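Chemist: Before we start, here is the structure in question, set down as structure tokens.
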Amino acid sequence: MEQFRNIGIIGRLGSSQVLDTVRRLKRFLLDRHLHVILEDTIAEVLPGHGLQTSSRKMLGEVCDMVIVVGGDGSLLGAARALAKHNIPVLGINRGSLGFLTDIRPDELEIKVAEVLDGHYLVENRFLLQAEVRRHAEAIGQGDALNDVVLHPGKSTRMIEFELYIDGQFVCSQKADGLIVATPTGSTAYALSAGGPIMHPKLDAIVIVPMYPHTLSGRPIVVDGNSELKIVVSKDMQIYPQVSCDGQNHFTCAPGDTITVSKKAQKLRLIHPLDHNYYEVCRTKLGWGSKLGGGGD
């Protein structure tokens, strides 16, 4: 197992609970004589921290591991910035759900110590890359760990588009939009739209129509190496948007083409050894527990 000596910390802004957890994490890491580097944005709200600071972009170059304190949204943003550096990322949950940031604050010292001592699991989660092209020229591009979503933006009108997979025409559709999700993102927006849950180890992409104006529109799961092309109808009166993880947005025009494919670099997501994906689903999604045993 890798030895982690230079630890970066990213924290969600605007939360006193996050700041308290970052301070606690900092003290714990320093007590273990590790080199701690704060992302510059969180460092600005921690006066007197006395630590090295770095931009998020540079953290991937100077750290052995990055710990994200926040919710899944915080980890999504960190993942897009750090995946290209092949650096392990660990999440401490200070959000509402915690599918990706799976260490509870009350077990911080115990679980982080286990990871630092080499007792951990690594999952390689792939990302999607999206590009919007207009008249054969790229006008926007972004990455997503969860999903790439075509949606009407502020408009309430439906979008008309054509879908192609690996150059083959699949369908034309009129809908509120289209969600293209990774296995990681299958428990996010895609799940709310009626998509299936996919295990993170699957090499697959799920395509989920949003409120299609048809009785036969259903999600479809395709090979993870597929290249998707979405062509926005030239006859539309609105300018839809493409969103990557709900955080980066691009405005499309009628006739634009959106391509979505797997990104070469993957996120190295660290979990404690007792991590159980099905337990996470059961806890976060409210699945039923085991039937209670009993006597006669």
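The backbone N, Cα and C atoms fix where each Cβ goes, glycine too.
Residues annotated as active site, proton acceptor in Swiss-Prot: D72. Taken from Swiss-Prot, the feature NAD(+) binding site covers D72, G73, N146, D147, R157, K174, D176, T187, A188, Y189, A190, L191, S192, Q247, and the record attributes it to sequence analysis.
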Chemist: According to DSSP, collapsed to three classes, what secondary structure does R157 (NAD(+) binding site) have?
Modeler: coil
Chemist: Among the binding-site residues N146, S192, which residue has its Cβ surrounded by the fewest other Cβ atoms within 10 Å?
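Modeler: Across N146, S192, these binding-site residues, the one with fewest Cβ atoms within 10 Å is S192.
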Chemist: Let me spell it out: for each of the binding-site residues (A188, A190), count the other Cβ atoms within 10 Å of that residue's Cβ, using every protein chain shown. Which one has the most?
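Modeler: Of A188, A190, the one with the most crowded Cβ is A190.
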Chemist: What is the one among the recorded positions D72, D176 whose Cβ has the most other Cβ atoms less than or equal to 10 Å away?
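Modeler: Neighbour-count leader: D72.
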Chemist: Just to be sure I understand the packing, how many Cβ atoms besides its own are within 10 Å of the Cβ of R157 (NAD(+) binding site)?
Modeler: 12
Chemist: Give the distance between the Cα atoms of D72 (active site, proton acceptor) and N146 (NAD(+) binding site), rounded to the nearest whole Å.
Modeler: 10
